[in-house]
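What Swiss-Prot lists as divalent metal cation binding site is 9, 10, 40, 92.
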């Protein structure tokens, strides 16, 4: 049976990770190591200036006072590490599409698994709310079972977004590319009860492209979106242009 390390960024008590654990334990041996609080937006951050403390909960999950990346690193490259065949992160309670992946702790946990040489999956709900986690859990469990029977040998992270609906209403699956969002709305300015100036992030931007092969379009049309993400962030198609430009500056 495949051995899975399961983490997330919404925290070890979040309903998404509980639902995903229930689905995955039917097809794999699952170990949960997750943050002790919500770490949404943590991206690939590490805890470098404080010790990491791990607590085993009554349900067998491990709670960590660190980031999603810390949790996966603990589970794969520390004295508490065990054999792992696959890293899975989620279920995030909202989409991780387009530019979201740069900020997402959900995607970052999967990226850390890939960085440690393991296949990895990040899974998020295509809508905001706490319903239909069972839909996403079933989708991922089916993919994991297929991966065990027929290994997918790609040097990538699979970023999966699942429509916010019941399983029977899913229209299918599309392999997609990342879309783009408009810039976020202006930060909100306020003052705390003591009169000190404070700021809050404004709402995220809406999607900026209606291309047919993006993650946004797939979710909008009722399809599961699977986007392969690479650790190599080199903009390869621009290297010749940059080389020519540098030559002209001599």
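Each residue, glycine too, has its Cβ placed from N, Cα and C.
Sitting within 8 Å of the Cβ centre of 9, 10, 40, 92, and not among those site residues for divalent metal cation, are the Cβ atoms of 8, 11, 14, 16, 38, 39, 68, 93, 94, 104, 105, 106. Every protein chain considered, the tally of other Cβ atoms within 10 Å of the Cβ of residue 10 (divalent metal cation binding site) stands at 23. Taking each of the binding-site residues 40, 92 in turn and counting other Cβ atoms within 10 Å of its Cβ gives the largest count for 92. Other Cβ atoms within 10 Å of the Cβ of residue 9 (divalent metal cation binding site), summed over all protein chains shown, number 33.
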